[in-house]
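Working notes for the structure below.
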Amino acid sequence: MTDRFAVFGNPISHSKSPQIHAMFAKETGQTLTYEAILAPLDGFAEAVTAFMAAGGCGANVTVPFKEQAFTLCDELSDDARIAGAVNTLIKLPDGRLRGDNTDGMGLVADLIRHGVELNNKRVLLVGAGGAARGALLPLVRAGAKLTISNRTLSKAEALAALCPKVNVEVISGSHIRSPFDVIINSTSASLSGDLPVIAANAIDNQTVCYDMMYGAKPTVFNEWARSLGAKICIDGLGMLVGQAAESFYLWRRVRPNAAPVLQTLRQSLISGV
């Protein structure tokens, strides 16, 4: 029987995951099916259990179920534990569920794909919500000298405390006095046409700026960063493809090439398909 995978969410019709994983499977010569499943808001656990019982081998999880997926798992990766959320479910040989969070790995992979060095670089992570939590451990593993900025400073401090063995600094965005090597906007501010609170001093002509949001046009954050002379501005489409590639690897132990998939999705975005 062909191995079955799926993505669970609500809403889910917009998901690019089936298209992405179909391209990954074709490129790597893997035989599998991957579908989008609309889970009821009050029936996520039941939907996943039914899918796995019917032969499902693994799944992705998107909003609003990542925290519920966390509680559903029998074991968790370090990334998932720090994130407090799961976006990848792996059915183990004994039927138990292992949860992982590949969002941060996708972010780091995309930065590396753009030639961005993270080791010993001053990295500002803007925001302290779920997206920031998912990025925290992979950025620390990559050797970043991490600073967290958030509108509510206590949330940034709580996030920094999740990595007690590493010196993660916390700062108010309006108090930044010198430029960072890399700035990562993990907030969803760009979706509403807003900017996070960051002093213009944070950016100079050597700063790489990354917005986890993406669209057919440059995000508001990236437009602002470019106007201040940022060296490179990158949106989050590559992070989407990167996290999918990491999920695919966890399931199949074959690492797909993200670049051609990213190019296809970018062209679709621009053309409005």
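Note that the numbers count up from 1, one per residue, in the order the chain is shown.
Positions of Cβ are set from backbone N, Cα and C atoms, glycine also.
So that you can see what the record holds, here are the features copied from Swiss-Prot:
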{"type": "BINDING", "residues": "Ser15, Lys16, Ser17, Thr62, Asn87, Asp103, Tyr214", "note": "shikimate binding site"}
{"type": "ACT_SITE", "residues": "Lys66", "note": "active site, proton acceptor"}
{"type": "BINDING", "residues": "Asp78, Gly127, Ala128, Gly129, Gly130, Ala131, Asn150, Arg151, Thr152, Leu153, Ser154, Lys155, Met212, Gly236", "note": "NADP(+) binding site"}
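Between the CA atoms of Tyr214 (shikimate binding site) and Gly130 (NADP(+) binding site) there is a gap of 17 Å, rounded to the nearest whole number.
Following the DSSP three-state reduction, the secondary structure of Ser154 (NADP(+) binding site) is helix. Look at Ser15 (shikimate binding site): DSSP puts it in coil. The most densely surrounded of the binding-site residues Ser17, Asn87, Asn150, Thr152, judged by C-beta neighbours within 10 angstroms, is Asn87. Cα-Cα distance from Ala128 (NADP(+) binding site) to Ser15 (shikimate binding site): 25 Å (rounded to the nearest whole number).
Residue pair Ser15 (shikimate binding site) / Met212 (NADP(+) binding site) shows a Cα separation of 16 Å.
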